[in-house]
């Protein structure tokens, strides 16, 4: 046998170029004991001759005789019904012969690894993938996704997060809330999305993320009820986001790019707001129609434009930072006109004079009557002129005078506040070094219709209320902290953009968490720094001026940009258009995914689309809902709607409500043991009933599978548990979670042994309390232990809360006479669990397993994954390592490669599979080359079969032995003579071979007390061979036919000769001339080779997990099966034999 680590030559030399020169010289090793690459039949001559003396001239066994004898035996083999010839070793893998009977349901790992590790991104995320896992149908070859973290997640998230709020509303939020409170708003909103991203990352890293994005992760994690509700909120939020982006683009168009393009124009100041809303509705509807048509024509055009839109966003943000730095040295010139401390709109300064009057030179002296020649100049512009040194100057009223007075004359009736305060000019952008941040630290919330004022400027003490017809800058909406949170929150959404592209990502499990969190950190840093920069560079009245009226209608954030405000205006327009297109692209696909899941029946029609899968009907509904948002026509009113949908999607409110549950849980945890008959207990019963009925609907999903354990314990004569460490091991595996049922079987009649059953139940409860195991105990009274165990496995649990895993101990004394029926009960339990599709765990040497107070400080848990059993071998060590006893143990996974397997590729596939499962383990592929079967294997097999043959020949039922000792009625002399001889011979045989007879006997288990009593009362005439007496076929027929016979000396001798052939020299001679069955030799060869490899690699492991071969279909080979398991696990300190339940228990899909 050979065991090489990652040095095997590939199946084809061209698979790995350059390694052909290093391939092992097969021809040079042809004489070795291990022959690499051999697929020939077993050479029986050398090992057999070696076994019988090892002399070269020894008689070689006759191959023809061997082929006939063993071949006939193989046809009725104890393991398989094989119709192939003896030498047909190509049909079965000689190195895995122990597992060949179940290869159809438990395939070799090497044949399954590639399909487990490599997945295809389907449009659906659960059912289709699992069908692909279970059926393994071949998919059409498609181009593998190649997008990485930066291009696939990071940049799309930046594009979706940065948008309309940053360019249109962030300066206004800073001016209203102040720098400190605005930092708090940004921090709270960013923390909310960061926590959501962390939760999303936990789902994404829990396995492979299929195509479908955030909805699939939510619905497959929370279930269809919560998933459907949250999915609809996410859909509506995305749809209204599209409407918000379109409104932002139209606002930029009509207010900053092309103000003259307005269709509706107000004749009076009062109607300007209504006219603006109507313009937004008209242009917004037109823009929505054009964008919908573009999405309908093809998403590929949207994707091509995405990079252009992203470049606009990045250039705009960079220009803001550059402009802020430049302002420290050369602030941009944006003067703001103030009347007292009130801000004047720049749109009303038509003559560009911020003052009441202006001095002008009079060139035509004849027109002096139109001017006032007073020397009192109230204008703040220009120096004081000396009339004797300059031409005559006349004072003329400005355009602002007309806004506050009833005429243009100096003596006209004017507004009181206008008369008591003077005009002044301040710098709208003082610059980074101006210290204006001290004035912008604190909040200045305004009511609707209030004038934007600068508190540091002087004004009259009791200013009269301003009229809306006057040229002030007014607040169009009442501001507050919560309202500003609602408006700003949509600017941090868009974090799902990366997960929506999961189908295009090369490694979605890695890219989604890293890219999304990095994008959130980047945008959070930009937002926080922008708040500080805006507060440090821009004056407060300009910040509170939402539409930039005080700076002549410029975009406020654009006044800070370098080199020109047009960079921000154009960049923000294209970025909002791009974000709107992305929303109109993603929302219909999300609705289509919800409709295809069929969780909301009336949405089923929206699951259909064009032939290429484009969601036509979903796009139509999305456009109609987005039109509702556009008809609202106000960005400030749509943004809070968006906030509600996204907050519900992010479960922010649910987290707050969950905190209210802490107090009742605290009271319950600390022992509210009062039983008042309160309604909560009734509600608990109703909730338990409801949950059980829900679980009854179907088997659990693969992602929800956890071992629900039934622990089978055995009690001794004093009602003490024989192996309490079994329950300790179960507690370490469960860690207090899930269902645990501890069961035992009491032999006897229920009516007579009810008290013993109660005592056994109390013993189990006491042991469960000692081991701190939360669960239930069950005690069954049965005549036969194996029947009691079968009944327990069938009836344990209630509804959907049934055990799916059985834990039982290894029958250590199966070769001894102390417990002759333990191994038969063991094999029967294995068969019952297999028939019930339950997983089976068999700890061997359970007394050496650590208890809960003996944590393993170091070492490894070794997993030998030979055949695929649904993933039990992957799940169990992961669960064990959650307990403190095994937490510090590492994990090593070994799998077996044959000659035809590419072990290098197997290692890569296994590492990929474990990476998708988030299991950290060392991976090793052990190569088992085909080799000749050794002499030791033949000798071991021969000894096993000779022992089994002896047991069959000596397997006399108790009724037969009693018949020999108590003959039936006949003549008195014959009866006495025959009875004495039979009794003498029976005592002699019983004393010489008592041990082997007790092992082979079935009577203690297969024949209950009632049958034995009836047989005894019936006298010696009933020949009872027992249910398990497979060797005494004639005795069994006599028992069933109830044939009455009179015993004589001759008949007694003939009967003993037929049933105890090994007691004669001829019988022993036949046993010595036996040749081992070929199928048994192959299985023993598998056990020996695997044991050598396992002991060599895992001799120092803390625990070894190993696939447990299935029991033989033909029960005549039960003794051989136990021997194979013994050979397989020899030399290992702690072994856990594992059999899967027939279904998948782990999945790489999240």
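Placement of Cβ uses the backbone N, Cα and C atoms for every residue, glycine included.
Taken verbatim from TrEMBL:
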- 1-10: compositional bias 'Polar residues' (COMPBIAS)
- 20-30: compositional bias 'Polar residues' (COMPBIAS)
- 957-966: compositional bias 'Basic and acidic residues' (COMPBIAS)
- 1018-1035: compositional bias 'Gly residues' (COMPBIAS)
- 153-330: domain 'Amino acid permease/ SLC12A' (DOMAIN)
- 478-641: domain 'Amino acid permease/ SLC12A' (DOMAIN)
- 724-841: domain 'SLC12A transporter C-terminal' (DOMAIN)
- 857-932: domain 'SLC12A transporter C-terminal' (DOMAIN)
- 1081-1150: domain 'SLC12A transporter C-terminal' (DOMAIN)
- 1-70: region 'Disordered' (REGION)
- 953-1051: region 'Disordered' (REGION)
- 148-168: transmembrane segment (TRANSMEM)
- 174-196: transmembrane segment (TRANSMEM)
- 234-259: transmembrane segment (TRANSMEM)
- 280-299: transmembrane segment (TRANSMEM)
- 305-329: transmembrane segment (TRANSMEM)
- 473-497: transmembrane segment (TRANSMEM)
- 517-543: transmembrane segment (TRANSMEM)
- 555-574: transmembrane segment (TRANSMEM)
- 617-638: transmembrane segment (TRANSMEM)
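Broken down by DSSP into helix, strand and coil, the domain 'SLC12A transporter C-terminal' (1081-1150) contains 32 helix, 11 strand, 27 coil. Contact counts against the transmembrane segment (174-196), taken as Cβ pairs under 8 Å, peak for 473-497 among the stretches 234-259, 473-497, 555-574, 617-638. Proximity of the transmembrane segment (234-259) to the transmembrane segment (473-497) is established through 3 or more Cβ-Cβ distances under 8 Å for residue pairs spaced 6 or more apart. Highlighted: of the candidate stretches 148-168, 280-299, 473-497, 555-574, 148-168 has the greatest count of Cβ pairs under 8 Å to the transmembrane segment (517-543).
Touching of the transmembrane segment (280-299) and the transmembrane segment (617-638) is concluded from the presence of at least three CB pairs under 8 A, sequence neighbours closer than 6 excluded. Contact between the domain 'Amino acid permease/ SLC12A' (478-641) and the domain 'Amino acid permease/ SLC12A' (153-330) is present: at least three CB pairs lie under 8 Å, with pairs separated by 6 or more positions in sequence. Summarised by DSSP class, the composition of the domain 'SLC12A transporter C-terminal' (857-932) is 24 helix, 21 strand, 31 coil. Sequence-distant contacts of the transmembrane segment (148-168) (same chain, at least 6 residues past either end, Cβ-Cβ under 8 Å): 244-245, 247-249, 251-252, 306, 309-310, 313-314, 316-317, 487-488, 490-495, 497-499, 501, 504-507, 510-512, 514-516, 518-520, 522-523, 526-527, 530, 555, 557, 568, 571-572, 575-576, 578-579, 582, 635, 639. Confidence over the domain 'Amino acid permease/ SLC12A' (478-641), given as mean pLDDT on the 0 to 100 scale, stands at 89.
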